[in-house]
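Marked as NADP(+) binding site by TrEMBL: Gly163, Arg164, Ser165, Ile229. Annotated domain 'Tetrahydrofolate dehydrogenase/cyclohydrolase catalytic' per TrEMBL: 7-118, in sequence order. The domain 'Tetrahydrofolate dehydrogenase/cyclohydrolase NAD(P)-binding' annotation in TrEMBL covers 137-286.
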Amino acid sequence: MSDAALIDGKATAEALRARIAAAVATLPEPPGLAVVLVGEDPASQVYVRNKARQTHEAGMRSFEHRLPVTTSQGELLDLVARLNADPAVDGILVQLPLPSRIDANAVIEAIDPAKDVDGFHPMNTGRLAAGLPGLVPCTPLGCLMLARSVRPDLSGLEAVVVGRSNIVGKPMAQLLLAESCTVTIAHSRTRDLAEVCRRADILVAAVGRPRMIEGSWIKPGAVVIDVGINRVAAPDLGEGKTRLVGDVDFAGARERAGAITPVPGGVGPMTIACLLRNTLQAACRRRGWAAPDL
Ligand SMILES: NC(=O)C1=CN([C@@H]2O[C@H](COP(=O)(O)OP(=O)(O)OC[C@H]3O[C@@H](n4cnc5c(N)ncnc54)[C@H](OP(=O)(O)O)[C@@H]3O)[C@@H](O)[C@H]2O)C=CC1
Ligand SMILES: Nc1nc(=O)c2c([nH]1)NC[C@@H]1CN(c3ccc(C(=O)N[C@@H](CCC(=O)O)C(=O)O)cc3)C=[N+]21
């Protein structure tokens, strides 16, 4: 079989951001997104900076809160309460992971579900599981959009999600189930992961292990969505250099897949575009504006 089609997340995300910007331009006031970053994790700082820039480019307001790594849980909960009460804030994102002293679940549950643009509050995860409208986690939503860009009708397909985290794997499985896929969720205790993956018409990898999914595990013609963002040493680029790779062995998988997302330039840019989409949706719901059709 010839090489898989490349699913261009960067271009798809740019197009989605342009539609969001056009919709925002028609609103009486700009939606506002608050991003909270605790500590100095350099990778997180890059995401926060990219989010702020793209929020402005979409015509929205961005409120950044950078707190020292010594911040207590009480101080963080106070900030969340202020953001819940702030009428200019439509969306609240608290960057994860948080320092281990802080109970992340307590912080997520403190966010007003109507402003929970990450879709992590139990109210929103419950609504997703029940098939009710709500805010849907950005990364799985972006993955679904990319899968549908090459297979508009997923109904009846075998979908395998590798990873069962609350932020990617579980909501991804719910979205694929809602598309009428036959869904398998694999994880670190799964026996014979290679054989499970070989069943997949749609394979979503959200593990956090560089190139763990081998080319020979891919069903010929499958759609492969690689969520992994792993920084690895790249001595070929020079001493001390690094590069980003996914959870899938891209070169091997490309020989068998029908379509595949690259890393970088795949799921990552879609995550930010979906965050802006959720912020627009939250603003429209909260403020009684007609929600645009994106
Ligand atoms: N592109 C984007 O926008 C985003 C990318 N990411 C990236 O996606 C990846 C996953 O993130 P996240 O879900 O938060 O990660 P977590 O570490 O929370 O979850 C990883 C999952 O992978 C499973 N797993 C670990 N090792 C294996 C193995 N050997 N075989 C099978 N399953 C395994 C774990 O199983 P178990 O539950 O049994 O421990 C767990 O369910 C990371 O690389 C992260 O950087 C994350 C968020 C957004
Ligand atoms: N509350 C919360 N919500 C999140 O959505 C969240 C989070 N915490 N913590 C961290 C993870 C990770 N994440 C990414 C977003 C964009 C890219 C992204 O844009 N990646 C680019 C490249 C980035 C680069 O080059 O460094 C790409 O893949 O092409 C990656 C990763 C969101 N996360």
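Just so it is clear, glycine is given a Cβ too, placed from its N, Cα and C backbone atoms.
Positions of TrEMBL features highlighted on the structure.
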residue : record               : contacts (Cβ under 8 Å, 6+ apart)
Gly163  : NADP(+) binding site : Gly169, Met172, Ala186, His187, Val204, Ala205, Ala206, Val207, Gly208, Val227
Arg164  : NADP(+) binding site : Lys170, Ala173, Ile185, His187
Ser165  : NADP(+) binding site : Ala206
Ile229  : NADP(+) binding site : Leu244, Gly246, Val263, Pro264, Gly268
Q | Residue distribution over DSSP helix, strand and coil in the domain 'Tetrahydrofolate dehydrogenase/cyclohydrolase NAD(P)-binding' (137-286) | A | 59 helix, 30 strand, 61 coil
(Q) Let me make sure I understand the span of the NADP(+) site: among Gly163, Arg164, Ser165, Ile229, what is the greatest distance between any two Cα atoms, in Å? (A) 16
Q. Should we count any of the binding-site residues Gly163, Ser165, Ile229 as near ligand 2, judged by a CB under 6 A from one of its atoms, and which?
A. Ile229
